[in-house]
């Protein structure tokens, strides 16, 4: 029963639960549904496979419409590196080539660009690739040759990809395990794809043997394009903006006269908003495109004078005020909110200054005064023991930040008073500071430009 438990089918040892778990596995795998561990079922369970759990919430329905795990990257340029190479395949250039080729399978069909940052620190890349054995620090132990081949983490959990170094990884040989074929599958997970129950999908969990030239099927392509669009698609922020509810408030504050902000964020559908007092504005690359509008008119149940806002890789936007937070998808609040900050963000203080998800590693950061916390919901505990750290570790940033905004250019914009600081996520340093009204909002011209 360990197999059914390991891959997400079984939570209880009762006979009825075991029979249901077997039926679910058989349904997902396209086998005859008997509820018994027959020869066909046992044979499939013994096949080499990916170590990621099979998501089975859609059992009983037809196939889920595309195998999305629920998170995605909010940037289109993704940095990767191979930090630990295989011991038995000792030609690093060949490994580099196969990894790059596997990533290209995905970038050829969607609006993603992969950049090899082999010399960067692990915290400055999106996808860290390692060949490991047995226990290797992530709670997903490898079990030796011929069983679990590899596993990877989804965008909201860091997107690392680990390969079992006890396997006989090969490049072109028919013997052993083909590195390219397994890597294509694992990189699908790092982009946000779940396992597919379609047999010929590259996201099917079972290794189908070395098949030279195996490519994405139609479902794989539609699935990844549903997350990131077709190749060369314009970024969401450049698309036609959705209409807002309500009407502009003629008596609202003038950001050109006082550009200080309470919060800023880009929501799941690509629209960017800034908040101040009881009002908000929508912005895009030509400056302010709408507002000021009253928060109470258009944001379902959210108060004014918020402390911070951030949009996580699950597409949800979180607004923080005092000791509670509100969770939204775009401009609609989820049921059951607000909640205490400690229910989901244990260890994060009340009355924070700003919050954001940093594109450098996909983790959430919370700033207050001269200190900050990194929050990783894939870790237990989610805040490492040496936090909080001092804000001066972010080279060039001042204390007491008002707001932070991620834009789709691998830069983070920090706002304080009448200025903003452009932080380069690749080099991890502030490279410029500007007047918010003159440069960001371009109040004295017809538009603004993201330098």
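Quick reminder: no glycine exception, Cβ is built from N, Cα and C everywhere.
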Quiz item: 140, 203: which one does TrEMBL list with 50, 185, 189, 195 for the Zn(2+) 2 site?
Solution: 203
Quiz prompt | Candidate sharing the Zn(2+) 1 site with 136, 138, 151 (per TrEMBL), from 126, 162 | solution = 162
Quiz prompt | 262, 402 bind Ca(2+) 4 per TrEMBL; candidate in 197, 219, 307, 323 listed for that same site | solution = 307
Quiz item: Relative to the mean position of the Cβ atoms of 50, 185, 189, 195, 203, the recorded Zn(2+) 2 site, which additional same-chain residues have Cβ within 8 Å?
Solution: 52, 152, 186, 188, 193, 194, 196, 202, 204, 205
Exercise. Would you kindly give the Cα-Cα distance separating residue 355 (Ca(2+) 5 binding site) and residue 50 (Zn(2+) 2 binding site), rounded to the nearest Å?
Key: 35
Quiz item: If you average pLDDT over the domain 'Peptidase metallopeptidase' (69-230), what do you get?
Solution: 86
Quiz item: Does residue 185 (Zn(2+) 2 binding site) have same-chain partners at least 6 apart in sequence with Cβ under 8 Å from its own Cβ, and which are they?
Solution: 50, 150, 202, 203
Practice problem: Quick one: of the recorded positions 186, 189, 195, which has its CA closest to the CA of residue 355 (Ca(2+) 5 binding site)? | Solution: 189
Quiz item: Measuring Cα to Cα, how many angstrom lie between residue 189 (Zn(2+) 2 binding site) and residue 309 (Ca(2+) 5 binding site)?
Solution: 27
Quiz item: Rounded to an integer, what is the Cα-Cα distance in Å between residue 195 (Zn(2+) 2 binding site) and residue 309 (Ca(2+) 5 binding site)?
Solution: 32
